[in-house]
Amino acid sequence: MSKKALLIICDGWGIGDKGKDDVIFNTPTPYWDELLKTYPASQLQASGENVGLPDGQMGNSEVGHLNIGAGRIVYQDLVKINIACRENTIMENPEIKRAYSYAKENNKQIHFMGLVSDGGVHSSLEHLLKLTDIAKEYGISKAYVHCFMDGRDTDPKSGKGFIEELENHLKTTGGKIASIIGRYYAMDRDKRWERVKEAYDLLVEGKGKQAECMVKAMEESYAEGVTDEFIKPIVHVENGKPVAVIEEGDVVIFFNYRNDRAKELTVVLTQQDMPEAGMHTIPGLQYFCMTPYDASFKGVHILFDKENVNNTLGEFLANVGKTQLHIAETEKYAHVTFFFNGGRETPFDSEERILVPSPKVATYDLKPEMSAFEVKDKLVDAINTKKFDFIVVNYANGDMVGHTGIYKAIEKAVVTIDACLHDTVEAAKANDYEVIIIADHGNADHALNEDGTPNTAHSLNPVPFVYVTANKDAKVEDGILADVAPSILHILGLKQPKEMTGKSLIK
């Protein structure tokens with residue numbers, strides 16, 4: 001079996017519950033209905049762990065296109081680290097080994113610093129507790145936690161509970177809380193260096209309100225009307241001296257996995273002296289970031305580096321000499337190029353791209369058609385040349401108009417997509433292309449909340465997989481987004497590379 005293949009991604013076109021909220025079901029779509037009656041169709045899971053996100057988290061366009069093009073589940077940082085902690089593979093991480101071995105062999109302090117909360121945006125309490133477990137396994141007694149309090153992604157007075165939980169855990173692993181400060185100071189991202197200095201002085205010089213009981217110190221802060229985000233520096237003292245400060249040659253692990261609010265503190269500790277602000281880098285620090293914080297940082301270690309997604313569908317087709325076209329309007333152009341190609345900006349050899357400008361309107365309910373018809377016209381022209389072995393197109397309307405929450409506009413968007421599908425698929429059939437129609441996630445399938453108010457978010461619904469083929473015996477199975485690339489290779493008569501762990505859904 002060796003044909004040409006067209007992949008149509010109808011962005012935000014999920015399979016809804018056929019209730020009032022399901023605009024796709026409630027809007028006349030004669031051509032879409034005909035496709036579903038005529039050709040084999042199944043469902044793809046496009047959210048949560050099926051696309052490398054935390055369980056129950058709705059999919060998005062970036063993650064969706066990454067998985068579609070990669071032909072494998074591409075785990076996001078949080079999930080990747082969660083799996084490493086739960087399956088204990090973190091113990092095999094070479095940078096983890098380096099950090100703990102260095103501290104043990106050189107009798108150095110190891111400092112864990114980061115946001116102590118379960119907000120799940122910047123850090124995970126689970127990761128911190130695991131890091132303290134590893135210190136126990138290595139027999140490191142000089143392990144200290146510097147707690148940045150949240151109150152933005154969590155309740156403003158939830159921090160005391162996290163400190164209690166951490167202290168109870170440290171009773172089993174050893175180690176101590178060394179300091180507490182609000183994220184307002186420790187996690188600034190707007191170059192307010194006077195705030196960062198409050199955190200720096202606490203970490204390096206032990207400057208702050210002295211306390212022997214950290215839970216009591218939190219209670220006192222609340223009593224003064226100061227909540228988690230704004231907690232002033234608190235230093236844990238024993239016999240009148242700080243339990244621990246960061247010293248020359250120590251090990252520091254910054255366990256925030258999101259980079260934006262971890263950069264400034266990392267800069268002043270490791271990258272750049274700021275004498276005018278009274279901050280100097282600490283010599284000889286063994287400094288470990290949970291993920292890459294900034295490509296320009298020198299001399300820091302990264303515990304979980306970005307994966308290179310090799311042998312994506314685009315790269316594989318280029319390597320075997322197949323021609324390909326990636327086409328979309330502005331709003332989704334990065335998705336069918338950069339994300340679809342595994343985070344690569346430049347086109348592969350024999351890859352062509354067409355960008356159609358999105359309409360310049362304030363919100364897309366004002367023009368629900370967007371530039372879909374222009375995309376369709378250019379796409380049909382390209383199909384008629386028979387030049388390309390593989391084409392991927394994104395129709396943006398279901399998602400971008402779905403985000404407005406305006407029901408009538410979403411109806412128009414759905415009608416637009418149905419018309420574009422007709423012209424696109426008929427041209428493909430006339431030129432001997434087989435077609436797969438999918439979505440990257442849901443949106444227009446769930447336009448209302450239960451109380452009837454507009455829902456502007458993505459949905460957790462599965463998405464369609466429709467296989468337009470002349471083969472009357474063809475069947476398709478249910479799957480996940482990672483199964484799309486292997487299915488395209490099946491149409492093209494190519495064996496999928498070992499890096500692709502998805503499977504062809506065409507039987």
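Cβ coordinates come from backbone N, Cα and C, glycine included.
Keep in mind it's a predicted model, so treat the numbers as computed, not measured.
Checking the candidates SER42, SER61, SER487 against Swiss-Prot: the one annotated together with ASP11, ASP440, HIS441 at the Mn(2+) 2 site is SER61. Between the candidates HIS422, HIS446, HIS458, Swiss-Prot assigns the Mn(2+) 1 site shared with ASP399, HIS403 to HIS458. Cross-referencing ARG183, ARG344 with the substrate binding residues that Swiss-Prot gives (HIS122, ARG152, ASP153, ARG189, ARG258, ASN259, ASP260, ARG261, LYS332) picks out ARG183.
With a 10 A radius on its CB, ASP440 (Mn(2+) 2 binding site) counts 34 other CB atoms from all the protein chains. Considering only the binding-site residues SER61, HIS122, ASP153, HIS458 (Mn(2+) 1 binding site) has SER61 as its nearest partner by CA-CA distance. The closest partner of HIS403 (Mn(2+) 1 binding site) among the binding-site residues, by CA position, is SER61; the full candidate set was SER61, ARG189, ASN259. In this view, the densest Cβ surroundings among the binding-site residues HIS403, HIS441, HIS458 belong to HIS441, judged by other Cβ atoms lying within 10 Å. Between the listed binding-site residues, namely HIS122, ARG189, ARG261, the fewest other CB atoms within 10 angstroms of a CB are found at ARG189.
Cβ atoms within 8 Å of the centroid of the Cβ atoms of ASP11, SER61, ASP440, HIS441 (the Mn(2+) 2 site) belong to the same-chain residues ILE9, GLY12, ALA46, GLY59, ASN60, GLY64, HIS65, LYS332, HIS335, ASP399, ALA439, ASN443, HIS458, site residues excluded.
Taken residue by residue with DSSP, HIS458 (Mn(2+) 1 binding site) is part of neither helix nor strand, so it is coil.
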